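Comments concern the structure below.
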Amino acid sequence: MHSWSAPRVPQFPSSIPAVADSPAAEVAALPELRLYDTADDRVKAVALPDDGAPVGIYVCGITPYDSTHLGHAATYNTFDLVNRYLRAAGHGVTYVQNVTDVDDPLFERADRDGVDWRELGKEQTDLFRSDMTQLRILPPEFFVGAMETIDEVVEMVSTLLDKGAAYVVDGEYPDIYADHTYTEQFGYESRYDEATMRELFAERGGDPEREGKRHPLDALLWRAHRTGEPEWDAPFGSGRPGWHVECAAIATNRLGEQFAIQGGGVDLRYPHHEYSAAHAEAACGNQRMAGHYVHTGMIGLEGTKMSKSLGNLEFVSALTAQGFDPAAIRVGLYAGHYREDRDWSAEVLNEAEDRLAKWRAAAAEENNPQRVAEVLATVTGHLANDLDTPSVLRTLDEWAAAVNESIGASGYQVTPAADRTAASQALTAGLDALLGVSV
């Protein structure tokens, strides 16, 4: 599966040339990136490979049965910040994102709408690519559909069966389940107690009441074929993969048995990330799949949780079709911390557009290399501290107010790029490299 087109990303400046009577300035080196890890319940440094290899990041992608809403955008915006920061700091990154193009919600929506599920998946994946391009999200090195990796899933399920970490349920449909007790560390990622796990497992796609399972919390690895459902051949019988093992196979086959960051929305904390880690660890014989498990908060709309069931989704494509600047959508999402549940409204978007206009007016007239170096150092410091974007916005607001006041800016007229000073160009490049926002 092909990814989307990459935006141009300027190099983060290491120094700023002199401007008129203002001397040149050095930009401080980017501090190490520290992110909150759900498993360890603390903010800690992202571990970099000892051999200088690229930092491995796996982010769970869409199930392509509907358009990209702001909840999706907030998640991919967050991990784009991580990706951009690491690259600006001089590190290589291998970013992997899946598409769950084999799953019940997709089949159900296609059946409801009377369309082929494959065509629906293709259509929505194409729209997702368009939305990511509009938002200037860096494309993953590997953008992978589940259908492309059935052989990898079959291999992992076979390994789990051979190790005794999986078993076949007797009955009309010989489904295969993972024995969640096989790995002693099961539960470390979410840190939930069993009662909470049982409740969420039932709410989020699990089948605790399935007869023949050894334990209610054992998760489906392979669903034996049912009439009318898609199927793929496997040594243990035709069928289709479970959700969690898809991500386990895709991640480990591209990033190795252990990698730096597993990411997604907070609703994936359990069961999805718990089980995908458990499947990978059981198959590979490791204690921990990812060094960080990073989760983004939920987005509400006008005070109500945004959800497909409520039908109150705000779609990226609809906002851009109305003429809103995609950069303003990003800035609006930066107004809240990525781990917090936060609200989206017309007011948030309007404030973001106003804020962006002020930044652009100030950036166009910036002529002080030392001030630019200080602003970039402060911004990188906030980003390094668990992606503290609200503090980044405050820093840029204060900077813009000072610049605009000093030049008496009115109407936010933007100087053409060709006429800008070296300080202005360095600031623009730095913010674009880090935030994906052109000022």
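Each Cβ is built from the backbone N, Cα and C atoms, and glycine gets one as well.
Residues or ranges marked as Zn(2+) binding site in Swiss-Prot (evidence: sequence analysis): C60, C247, H272. Residues annotated as L-cysteinyl-5'-AMP binding site in Swiss-Prot: C60, G61, I62, T63, T75, N98, V99, T100, W243, G265, V266, D267, I299. Residues or ranges marked as motif ''HIGH' region' by Swiss-Prot on the basis of sequence analysis: 62-72. Residues or ranges marked as motif ''ERGGDP' region' by Swiss-Prot: 203-208. According to Swiss-Prot, the feature motif ''KMSKS' region' maps to 305-309, an assignment based on sequence analysis.
Structure coloured by features recorded in Swiss-Prot.
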| residue | record | Cβ within 10 Å |
| --- | --- | --- |
| C60 | Zn(2+) binding site | 24 |
| I62 | L-cysteinyl-5'-AMP binding site | 24 |
| T75 | L-cysteinyl-5'-AMP binding site | 27 |
| V99 | L-cysteinyl-5'-AMP binding site | 24 |
| W243 | L-cysteinyl-5'-AMP binding site | 23 |
| C247 | Zn(2+) binding site | 30 |
| V266 | L-cysteinyl-5'-AMP binding site | 17 |
| H272 | Zn(2+) binding site | 23 |
| I299 | L-cysteinyl-5'-AMP binding site | 24 |
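Restricting the average to the motif ''KMSKS' region' (305-309) gives a pLDDT of 73. Here the candidates are the binding-site residues I62, V99, W243, V266, I299. The one whose C-alpha lies nearest to that of H272 (Zn(2+) binding site) is W243. In the three-state DSSP scheme, I299 (L-cysteinyl-5'-AMP binding site) falls into the strand class. Taken residue by residue, the motif ''HIGH' region' (62-72) breaks down under DSSP into 3 helix, 1 strand, 7 coil.
Helix, strand and coil residue tallies for the motif ''KMSKS' region' (305-309), in that order: 0 helix, 1 strand, 4 coil [DSSP].
Broken down by DSSP into helix, strand and coil, the motif ''ERGGDP' region' (203-208) contains 1 helix, 0 strand, 5 coil.
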